[in-house]
Amino acid sequence: MDKQSTASEFQGMLEARGVSRRSFMKLCGTLAIMAGLGEAAAPRVAQALEESVIGASQGDLYPVIWIEGASCTGCTEAFAQIDAPDAAAVVLELISLNYSETLSAAAGHSMEKAKEQTIEAGNYILVYEGAVLNGWNGNALRVAGKTGNEHLIEAAEKATAVVALGSCAVNGGWMAAAPNASNATGVQAFLKEQGINVPIINIPGCPPNPEWLCAVLIQYLLLGELPELNAENKPTQIFGQTIHDNCQRRGHFENGEFVYQFGSPEEAKGYCLYPLGCRGPQTKANCGVVRYNHRRSWCVEAGAPCIGCCEANPNNPGQNWIEVNTPFFKRHRDLNIGDFKFQPGTIAAAVLGIEAVALVIHGFGMKAAGRVPNGAEFEKKRAWDAKHPEKSIGVYDDAPKSDAKKGGDE
Amino acid sequence: MAHLAHYREAHPAPFRFTHWVNLVSMVILIVTGFAIHFPYWPEFMGIARGLHIAFGFVLFINCLLRVVLAFIVKSAPTAGTREVVPDYKTWLPQADNLHQGPQWIKYYLFLKKDHPLSAKLGVPQKISYLCIPVLIIFMFFTGLCLWPPCANMPLFEAAINGLGGAMSVRIIHYFMMFVFIAFTLLHAYLANIEGLAPSMLMFFGKEHGGLTYDIEKHNISGKDDLAH
């Protein structure tokens, strides 16, 4: 009875907004697929929607705080482009975005107050965009009289979960790339250092696909569960396979059809971008499946080799996507000793060349010393044996025959 | 008459076989490896990847086989003798090797005129040969890290992260190949600079007369011109 009454009340709500039951179920199906559950889970999503966020029985939307760290705001910009559900629907109907430097209409003291109240009440999700700056004691991100790091600590301590959005938030990204003047780090490393134990969901990318954040929010808000995470706390569903695995140009890779130069006829044919340094084979993300900009296209489809922006290991600041992947158009990253940068192939070929030259010179030396082709004479006695006759290794009492004095290396 | 005599007992047939397999596999792996690193010859890419994986396994299995055979097959502990001992003993430090390391280095740096007495393997050779199986196994492991069917397994995933990510593994794998090439250059140089007899024996089992060596007295004992 209770359930039926809820349903009818909910249906009334939908009708008041001009939404038919049919289109509502369609939305549920879409959401279920985005959360990686498959269309069959649509009724589960529908029930969750009825009983939670949109349901009149509770009324309150789930609070989210979105803090900008050292970011370019690109992750927010990307999120603002989402269309199904669109950004407005997410912000107004799925969540209650209580604080966001970029998206909130309000500003100043009232915003800070709203954030404080949300934190005090607890049970919210913190989305942190951009790197954490340890340099200058966090003063580079000072807002409302507190350092950026204090804001993060405060907000993370009481959060139900922290979403580290974008590669900068995951392990420092651009900010932490050499020379890392601001001593930037990622959210997970920073919170661990601060001893704050809160579930962290890392969503790398530069920018991350907005649908990834949406999928995580939907799964968490509607079904009350964190997505399945891998060892790096990234959603397995999204970051479990390489770009190469699902690339639409993979057929050309298999055929041995490659683009060697931009603007070439091969590029016009849409061949594989591997020789131009494509990082698809070593970068894990489902870009080729989800695609960007309303699922119209994505980097590789648009003709740009993958630059591996999703490579970000929260446990290893060195596995930073800029460090690991530049120069983008070469197959290998640059290595460096101090300020001296070089490609692995160059140094390897140089060392090998030096060895070859050394051997040739040595060969002439061997010839000059009369050791080619017959070798030098064998020593009559080991030098050590001569010095330590009492512990001698060799037995030298019967001297070698006079015509058998020369020997060679085995 | 020069050199110690080269008898087949120094390199029995099973070891000549594994040496051939090593040589062929390494050449194929190096050529295909370059082709995979950058498709210089695009049509070859698919074939190169298949061959590279197949011969990676061949090299690894051959390496294991060689190590196992070292405990089963007997071989001469030095050139210049037909007496045999279990092969693994030749790999471990032998009495003949003791205190001879610096002498070898001095010999090759032209600081010592006469040839150091030694067992089958000179000290620098012995050290480098002991490193090769370790290198092959490490190479095989990093290769598996880069091979998609393995790359997602927890063990390899952890190893990739431990080594600094897929790019680092790729570069390590690449550098290790150069270590193989560098080793092979040095190996071929040292084996043949004082005559091709060692190669004729290793590749074709062709014996060569020369001085004989007494493995009890660790000294030259006479000569054998194979005139029998």
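Any Cβ shown, glycine's included, is placed from N, Cα and C.
The model shown is predicted, which means the values in this text are computed figures rather than measured ones.
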Going by the [3Fe-4S] cluster site in TrEMBL, where A:Cys306, A:Cys309 are listed, which of the candidates A:Cys272, A:Cys287 is also part of it?
A:Cys287
Which of A:Cys168, A:Cys247 does TrEMBL put in the same [4Fe-4S] cluster 1 site as A:Cys72, A:Cys75, A:Cys206?
A:Cys168
Nearest by CA distance to A:Cys272 ([4Fe-4S] cluster 2 binding site): which of the binding-site residues is it, out of A:Cys287, A:Cys306, A:Cys309?
A:Cys306
Tell me the Cα distance separating A:His244 ([4Fe-4S] cluster 2 binding site) from A:Cys287 ([3Fe-4S] cluster binding site), rounded to the nearest angstrom.
10
What kind of secondary structure is A:Cys309 ([3Fe-4S] cluster binding site) part of, going by DSSP in three states?
coil
If you count other C-beta atoms within 10 angstroms, which of the binding-site residues A:Cys247, A:Cys272, A:Cys287, A:Cys309 is the most crowded?
A:Cys272
Provide, as an integer number of angstrom, the distance between the C-alpha atoms of A:Cys306 ([3Fe-4S] cluster binding site) and A:Cys278 ([4Fe-4S] cluster 2 binding site).
5
Applying a 10 Å Cβ distance cut-off over all chains shown, what neighbour count does A:Cys278 ([4Fe-4S] cluster 2 binding site) have?
28
Find the shortest Cα-Cα separation between A:Cys309 ([3Fe-4S] cluster binding site) and the binding-site residues A:His244, A:Cys247, A:Cys278, and name the residue that gives it.
A:Cys278
For A:Cys272 ([4Fe-4S] cluster 2 binding site), what is the secondary structure by DSSP, using just helix, strand and coil?
strand
